[in-house]
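To start, the structure itself, in structure tokens.
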Amino acid sequence: MVTKPSHNLRREHKWLKETATLQEDKDFVFQAIQKHIANKRPKTNSPPTTPSKDECGPGTTNFITSIPASGPTNTATKQHEVMQTLSNDTEWLSYTATSNQYADVPMVDIPASTSVVSNPRTPNGSKTHNFNTFRPHMASSLVENDSSRNLGSRNNNKSVIDNSSIGKQLENDIKLEVIRLQGSLIMALKEQSKLLLQKCSIIESTSLSEDAKRLQLSRDIRPQLSNMSIRIDSLEKEIIKAKKDGMSKDQSKGRSQVSSQDDNIISSILPSPLEYNTSSRNSNLTSTTATTVTKALAITGAKQNITNNTGKNSNNDSNNDDLIQVLDDEDDIDCDPPVILKEGAPHSPAFPHLHMTSEEQDELTRRRNMRSREPVNYRIPDRDDPFDYVMGKSLRDDYPDVEREEDELTMEAEDDAHSSYMTTRDEEKEENELLNQSDFDFVVNDDLDPTQDTDYHDNMDVSANIQESSQEGDTRSTITLSQNKNVQVILSSPTAQSVPSNGQNQIGVEHIDLLEDDLEKDAILDDSMSFSFGRQHMPMSHSDLELIDSEKENEDFEEDNNNNGIEYLSDSDLERFDEERENRTQVADIQELDNDLKIITERKLTGDNEHPPPSWSPKIKREKSSVSQKDEEDDFDDDFSLSDIVSKSNLSSKTNGPTYPWSDEVLYRLHEVFKLPGFRPNQLEAVNATLQGKDVFVLMPTGGGKSLCYQLPAVVKSGKTHGTTIVISPLISLMQDQVEHLLNKNIKASMFSSRGTAEQRRQTFNLFINGLLDLVYISPEMISASEQCKRAISRLYADGKLARIVVDEAHCVSNWGHDFRPDYKELKFFKREYPDIPMIALTATASEQVRMDIIHNLELKEPVFLKQSFNRTNLYYEVNKKTKNTIFEICDAVKSRFKNQTGIIYCHSKKSCEQTSAQMQRNGIKCAYYHAGMEPDERLSVQKAWQADEIQVICATVAFGMGIDKPDVRFVYHFTVPRTLEGYYQETGRAGRDGNYSYCITYFSFRDIRTMQTMIQKDKNLDRENKEKHLNKLQQVMAYCDNVTDCRRKLVLSYFNEDFDSKLCHKNCDNCRNSANVINEERDVTEPAKKIVKLVESIQNERVTIIYCQDVFKGSRSSKIVQANHDTLEEHGIGKSMQKSEIERIFFHLITIRVLQEYSIMNNSGFASSYVKVGPNAKKLLTGKMEIKMQFTISAPNSRPSTSSSFQANEDNIPVIAQKSTTIGGNVAANPPRFISAKEHLRSYTYGGSTMGSSHPITLKNTSDLRSTQELNNLRMTYERLRELSLNLGNRMVPPVGNFMPDSILKKMAAILPMNDSAFATLGTVEDKYRRRFKYFKATIADLSKKRSSEDHEKYDTILNDEFVNRAAASSNGIAQSTGTKSKFFGANLNEAKENEQIINQIRQSQLPKNTTSSKSGTRSISKSSKKSANGRRGFRNYRGHYRGRK
């Protein structure tokens, strides 16, 4: 009796199906046997006899357990036993049947199929056929008499044997074909494996560039892989087809055998050799011939399989139970454990249903039915189902009208192979489709808390909304990740109400709102959005900077500092390495602000239905300011250049680039709103790209005009995207400056911050969520910490009022950047939530590593990359050795050389800032300090006082200066070396943004380097990888400072991958200027260069940095080098006799001439790392086709020219400038660059002791009374420009002179602007040396003359503009331009202009900070405020850090 499977619905279902089929098969076989025996033999009563072993032949096996030979009386009480075996690959079914009714019938011999196993031989050597024997128990004599019939049955079954031979041949052919196809498949897989390995080697190669890798992969590897995949698929299909053909032929063969052999019915099928062990030779039971049999009969439709089992194991008892295994008709697919039917008692019939009554059969059927269960709806709802569709058990009861797919399908119609709702526990692990509680939670039921999404839902028909959404779709609400194309996230609109908009961003479809908790944290979403990088090991770069962990060494270090009489850096200054950034200084305030905004959101968003926003949308506001209403804010550092001034008519006609629908409006806004005559390089390209909806990466030097790239598109309404521009800015002080500047231009700009009253924040937030602002400045901490801010942005996006996202100072995104901010990495939120909104990333400092990080972390999509030269020609770079008198040298220079001029002194820590500021105050200099440890209001007051010239010098950490709007900074001192070359460029770039000559002076000390190393190594917030990164960057700074030979400008620009010819420096750095005072010699470094190339070539595949290679070449035995066995290289230690600076110079030169090459790779942390490899010119060097020679200093000057004596008057010196000026980009090289101030008046600068530095207003002979105020201002500006040029030219002379052109001549030149030598001669008696020097002023005079003529035209334009403005106030038909025609950019609705004016006034009240105090009070509050020191004490400190008591 078959045991019914339990706790398994699928098994139970299959078992029922198999049982029904099996009973039919049994009926068919039994009837055929009955008919055959009844017709062939008479009934006799003979005792059963067991044949001898010799009769059966040597190939027999004791297999079937029969009735012992105890005579006819014993057999008369036995029931029929019929043995039949149904076989598949691993399962067999056996039945044994005997009948006392046919005990006298002799045996019937049926020849077996012999397609696989050859026939065994008789003892005589003759070949005989094996037969499957059906032998009822009979007398031995009858068996002996019929033995001849057994052997003679060969002729009677000749046709069957022939058919078997044909089947054998067909089956062998099919198997050979399958084997051949499988061999071909194996070879194809091997070829595919080789191609994949080759692909991996190309990807991991360090000797190939990225372009070369892509070319090889696309040209060689990918086509072959594609062809190989097609070939493998084809072979797999052929193998499957061949197997199916063989199976079908076996089935037809089996059917033909059964149908054509009435006299040769197969009565027994042997079990598989794997399932059965042969009996012993001493067995007295009936034996049957062990031959191969068909794997399955035609009844089951299985494949034919021939096996042979020879009796070798004779130790098993013949009384072993027979196993009858139920065949699973899908065993080829499901490797299920067999269901075993074990032979029961002797009275158990083989076919129980033939002997059962109807009642017994009904009882058996009831016992075998599937267990009853309630009807359950397993179907997942789709788009056509109603919203109230519910999965679960109550579908029929609660929703009788819903038609189920299961009702249309019968159990037999279901394919078990694809069944997904009845699985076992083992299958659950593989398919994860077992029904569990999460299936019932798939649909949000109505019993959820109705107030859970109050902020986002209105009282509308939810089901109708979702049905509408499912029909129309919302392309804006579905994000398809580029990393995983199958992951889609449906975002929600913060409001259910759809505001109509004509913009691209608006689609009138209601959004499906997800639960708030799911939006805040979704594990599946996080996993799908995260990038996966290989966990391969990358050898990290090594620095030769020694570890300073010894306390004794630190004590000796401090003792040396004290002996020198100056307070150097010490461990007391150790703090978190990046603490000076303004990181998360407002987190607590942001949390409080977020709570306030939540209240605002609840009031505003829930009341939108009652008080909908006005139907009008903000259009272009009417500008009331005229050209004459320029204020001193026009010198904003990023969007004005005096040298670019041309007439407006010329600008409007000069459009060489492509034109767009918004081009006219862009030019109009540029002139009328920003009061600018034209664009700087790359500005127009950036504006057009973002108005097209593209992502943009803008890389411009400081003062290059980055802000205009997003401020101008913010006021242009005709682009593809329009609305509110969100600007992510790192510093609150920077945001305040930007907002104040934009409000002065009547641009609706505001900022989110925790400052101000709750009412002011409420007003700003209401303007923001309604899309009434052009620009909104938000800090990255606000984006990551405030959920209300994110919801407001989501509402803007849903309403089609989100124009673009701007990331200012984007280098903060990169871990390689000098101002890394962790919250910046969260800004990828924008491209994931709003993928179709364009993004702009702007920065002034970005190496190749930083650029890769920015694009990767912000997830920019094919950004338009705009880059220009980083060369700041008006900056003078100088590096001096730091001594104990350095602070006094700085004080003397500020009081003499930089008298009445503002500047910055950068220090490395808060303590150093306070000490330096106190020392300068004691020397009579108006100075204050600025660092991140101060209160925000204190920092703001110091910054405002410095910008208003109430403070001359500000001592600050790196927390100060980012985006500072002060163009006339004349000097930047680094009292301590900067931490990175990026930071050095950024901080020095804050000088001379008006284009005038400025100085960048750095003081260098190895003790400062060692102290900063200690700060990095002891920073607990940095892991080992980041510590090495910072140490490597610090070593680059050290190499830059210690280099006294190469051009400073070339060294800085090479860091940004920009090639620069040092001849173009024109002695604008200390190394180029001092080159005349040192003795250099030329050395041939070809041989060391070859050794370096061989060294790099031998270890470049291990991803080594250039600093690591320098250490190996120098002979370092650091732990990394020893562990990597690089100390055994032939090139190790070859350069031990050379100085470290010389080795660094050689490596740097090899990279410059492309013998070596640096490349960047994204590491496991998601940041780019730079490594070195041989370059394209390495082969020329190794083959002797290239020689390398370099200049080395053999006698460096003992002391550099003192900065205090740089301006000694020397009238007889001729400037060392080429007599034939070289033109670069249209400018004379001797002249300063064209980045100059926008102010109409610059202060007078006096240099110590010089008589030329008068600060009183300029008066011209007998003409001042006849000139207007505007003309006088122009004269003063012209004089200052010429005077500044004279100072710059004097600085370039060797030695420098302080009176390159006398003041009296400069004043006359400012009045008449002579264009040639003859006009210059009319100035009066002029010495010959000044006539020779006049040629250096010609280009500047031509520029000034052009500007003066354009201002004369603007004077008349101003009168016309004023007239039309007055006329517009009295007319309601619009405003006319100066040409008399109506501007298409002005709206006819004057109410709109009034509303815009009200919005700007409201912003001013809520955003503008209070005015700073007067000069005296401001200075007094700064200089005398008692700050809390680093040790917690209050009071004044002298420079050495000692506290003085109050008097």
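Along the chain as shown, the residues are counted starting at 1.
From the backbone N, Cα and C atoms, a Cβ is placed for every residue, glycine too.
Per Swiss-Prot, the features are as follows:
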- ALA714, VAL715, VAL716, LYS717, SER718, GLY719, LYS720, THR721: ATP binding site (BINDING)
- 59-78: compositional bias 'Polar residues' (COMPBIAS)
- 243-253: compositional bias 'Basic and acidic residues' (COMPBIAS)
- 254-264: compositional bias 'Polar residues' (COMPBIAS)
- 363-386: compositional bias 'Basic and acidic residues' (COMPBIAS)
- 601-611: compositional bias 'Basic and acidic residues' (COMPBIAS)
- 1402-1411: compositional bias 'Polar residues' (COMPBIAS)
- 1412-1424: compositional bias 'Low complexity' (COMPBIAS)
- 1425-1447: compositional bias 'Basic residues' (COMPBIAS)
- 687-864: domain 'Helicase ATP-binding' (DOMAIN)
- 886-1035: domain 'Helicase C-terminal' (DOMAIN)
- 1272-1351: domain 'HRDC' (DOMAIN)
- 808-811: motif 'DEAH box' (MOTIF)
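This view paints the features noted in Swiss-Prot onto the structure.
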| residue | record | Cβ contacts under 8 Å, 6 or more apart |
| --- | --- | --- |
| ALA714 | ATP binding site | THR725, ILE747, ASP774, LEU775, ALA803 |
| VAL716 | ATP binding site | TRP662, GLU665, VAL666, ARG669, VAL687, LEU691, HIS722 |
| SER718 | ATP binding site | PRO661, TRP662, GLU665, LEU691 |
| GLY719 | ATP binding site | TRP662, THR690, LEU691, GLN692, GLY693, PRO713, ALA803 |
- Other residues, Cβ within 8 Å of ALA714, VAL715, VAL716, LYS717, SER718, GLY719, LYS720, THR721 Cβ centroid (ATP site): TRP662, GLU665, LEU691, PRO713, HIS722, ALA803
- Across all protein chains in the structure, which of the binding-site residues VAL715, LYS717, LYS720, THR721 has the highest Cβ count within 10 Å? VAL715
- Message: Tell me the coarse DSSP state (helix, strand, coil) of ALA714 (ATP binding site).
- Response: helix
- Note on the structure: Per DSSP (three-state), LYS720 (ATP binding site) is coil
- Would you mind splitting the motif 'DEAH box' (808-811) into helix, strand and coil residue counts from DSSP? 2 helix, 0 strand, 2 coil
- Query: Over the domain 'HRDC' (1272-1351), what does the predicted model average in pLDDT?
  - Reply: 83
